[in-house]
Amino acid sequence: MFIPQNKSKRLSLDKIGQLEEDLELNPLDYNKWQKLIDQLIIKDNQEQVRNTFDKYLKIFKFDGASWCKYIKYELNRDEKEKVENLFQQCLGITDNVELCRLYVDYVRGVTDFVTGGEKARGVVVQAFEFAINKVGIDITSESLWQDYIQFLQSWNPNANWEQQQKIDLIRKVYKKFLTIPTENIEVSWSQYTKWENELNPATASKFISEKSGEFMLARSWNTEFNRITDKSLKRNLNPGDHNDEDVVKQLKYWLRWLELEKENKLELKDETVNDKRIQYVYKQATYALPFVPEIWFQYVKYLLVQNEEGNLQESIRLLKEGGLVLNPKSMLLTFQLAELYERDNSFNNAKIVFKNLLDALQKDYNSVANQIAELKERIDPATDKDNIQEDDDDNEEEEEEENDNDNDNDNGGDSKQQPPSKKLKLNPNGGQNGSNSENNGEAVSAPSSSVKLPQVYRISLADSKQLLSFENEQKRLSDAITLTYVKFMIASKRSEGIKEARNVFKQARKFTDIGYQIFIESALLEHYSDKKSTALKIFDLGKKNFATNGKFLLNYLDYLIMINDVDTMRTVIQSSDANFTKEIGNLQEELKLTNLDPITRKKLEKQITNLKKFLKQLYKKYISFAATFLSLDVTHSFAKKCEQLFPKDDPIDLFTDRYKLDNINIIKKDELGRDDILTSFDGIIDEEELQRLKRRKLSNGSGSSSSYSFNEEESKSAIKNIEEQKTRVQQEQDQENQGINKPEESFVGPSIIALMSALPNASYFGLPSESVFNSEKLVTLFANLSNIPSQ
């Protein structure tokens with residue numbers, strides 16, 4: 001949902017003008033281009049139609065269907081010179097069966113067979129051969145081949161040698177045609193065999209047998225193609241992107257077709273012919289799915305694998321004039337083209353590519369920022385001063401409270417600190433309790449003569465969801481801009497040295513929402529250019545902007561550990577402690593405000609959780625370093641401070657964390673019977689480890705006791721707990737059933753029900769093939785339970 005813009009709109013009757021305005025804002029809107037072209041053709045303003053077609057085809061230059069529409073428009077007005085110019089433009093840049101058929105039809109129409117004779121026929125044959133060489137391998141090219149055969153069959157020779165020439169030409173066309181797996185190849189084969197038999201039954205079997213092998217391969221290929229594409233592959237242009245379900249489905253079909261071609265199921269001996277087929281399919285895929293960067297990337301990658309030096313310029317042209325014209329905000333294609341320019345020693349062109357992407361992303365970022373500002377302005381109306389009497393002390397106290405309640409972003413300290421955000425205040429007439437009583441201790445004190453309600457947030461759930469959506473999009477764009485600047489800076493260092501990289505870094509810092517990663521990468525570039533003092537200055541500069549960003553500070557700490565700067569490490573830990581503690585306190589105060597919608601509350605809680613998580617991680621990293629390279633006194637000092645900050649945490653977790661082998665806490669695993677992931681002190685779960693956790697095995701193992709094996713004491717304890725739970729279950733059943741036993745309960749009994757309700761479900765133990773469950777101990781456990789029904 002977008003906020004309406006305050007701009008004048010054209011009258012609804014002016015459809016053409018409105019479409020033109022919309023296309024000025026978004027020139028990649030394929031559907032609106034088609035609507036505009038159709039409207040103009042109806043209006044029949046020739047110059048306007050031509051201008052619109054020209055503008056459209058500069059962007060969608062490969063759209064064969066639109067070229068056909070443009071040419072037919074000119075043919076209807078008998079503009080032959082214009083038509084020929086259009087054919088010259090389009091036939092070199094797009095491969096389209098219907099466009100080639102239109103070209104051949106035009107050549108036949110302007111050729112005088114009466115006076116031209118054999119020469120005129122030769123011109124048409126050349127046109128057919130041109131079209132066949134261009135699109136004859138297309139699975140939909142049957143109509144073009146049939147046109148060619150029918151044209152040759154319509155020739156009425158005057159001499160015997162001309163008759164034989166006609167037969168040879170037709171047989172030659174059939175020979176090429178029947179090796180192509182077209183849609184109705186079986187019908188075409190029947191047509192060919194009938195022609196041979198009618199021509200000369202004595203020689204028919206000879207010619208037919210010569211082609212039957214290739215025909216069988218083509219027919220098998222056609223069957224396989226229909227199977228892998230479910231007969232659902234669409235060849236027309238799809239204006240959707242990778243988020244569109246239909247596009248995802250079509251992409252799957254195109255990739256399957258490409259794999260089929262690469263497998264060479266037609267058993268083509270000439271590799272150049274097979275390569276031509278593969279490239280043709282790649283082209284058709286980019287025509288059908290122009291807004292899917294993956295297709296463009298893979299096409300270029302294929303060309304470079306086949307012949308890197310020979311296809312370098314073609315790859316650059318393909319991305320510059322095709323992929324990035326249609327996907328100007330694609331990081332994938334931008335970085336691919338930038339690398340190609342760099343390999344071609346054309347870094348100035350690479351700079352342009354990077355800057356174009358930054359401009360496009362910045363434009364979108366500014367648009368989202370404006371939408372956020374308008375939304376906040378709408379949901380934060382000015383306080384009615386007539387109903388609230390405030391003296392100077394009140395104003396000062398409010399300012400202090402606002403400064404104490406700075407609102408960070410959704411990542412819990414993972415982004416740059418922002419100025420104190422403006423509170424969304426409750427209108428005096430809209431308070432929850434309708435009184436000026438104190439609410440959760442948050443009411444601002446006021447003189448006894450003043451009537452004042454607590455200062456709280458006021459935002460509807462719908463507005464909160466919309467704001468969250470905008471903020472997520474803003475974060476996505478901020479990350480994309482940061483990534484682009486980082487890679488631009490690194491590429492500049494490779495090509496032009498550290499000074500040019502510094503210029504990019506300086507430019508990146510002008511973006512107010514630049515990510516912390518740019519500081520880390522810039523510092524590392526300086527470090528590996530033997531500028532360690534400069535690297536430290538950059539890290540220090542980043543620390544000022546990202547004082548509560550856990551990810552930045554962890555990277556900073558890693559760097560300080562690498563260069564063994566103990567004093568700065570200690571300073572970073574101490575300042576981070578103070579900054580994080582203050583920020584957590586501010587957020588906790590905000591949580592006390594009334595009328596917080598669930599989304600905002602969850603957002604604040606997430607920020608607090610993340611801040612605590614990263615503060616723990618910082619302490620853990622430094623304590624581990626101190627225990628390894630400094631002294632136990634330093635280690636104990638910081639460990640004590642950490643335990644004071646997080647008194648509810650198990651001290652064993654912190655202690656054993658510095659006694660890991662690689663990243664495995666063997667002590668907890670072998671001696672305490674705990675999963676290292678579940679009790680990890682830093683609270684950060686690696687995705688691979690998380691999957692391992694879901695599939696963990698319950699086995700004794702060889703030579704060691706299992707963390708989850710039951711000994712005799714554990715069994716007794718488990719039985720006792722189950723007996724207690726059984727009593728509760730039995731009571732609930734008695735109340736529910738009122739003395740009437742259900743069949744399933746009389747079979748298993750309340751003890752088993754209690755046990756099963758206490759155990760986790762089967763998926764908790766992983767796949768059946770991976771789990772090891774001791775059935776004997778389970779039977780022993782069941783046997784010791786009371787209230788087991790007898791058979």
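Using the three backbone atoms N, Cα and C, a Cβ is placed for every residue, glycine included.
Per Swiss-Prot, the features are:
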- 78-112: repeat 'HAT 2' (REPEAT)
- 119-154: repeat 'HAT 3' (REPEAT)
- 165-198: repeat 'HAT 4' (REPEAT)
- 379-449: region 'Disordered' (REGION)
- 389-411: compositional bias 'Acidic residues' (COMPBIAS)
- 725-745: region 'Disordered' (REGION)
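In terms of DSSP secondary structure, the repeat 'HAT 2' (78-112) contains 25 helix, 0 strand, 10 coil. Mapped onto DSSP classes, the repeat 'HAT 3' (119-154) shows 29 helix, 0 strand, 7 coil. Model confidence over the repeat 'HAT 2' (78-112) stands at 94, taken as the mean pLDDT rounded to a whole number.
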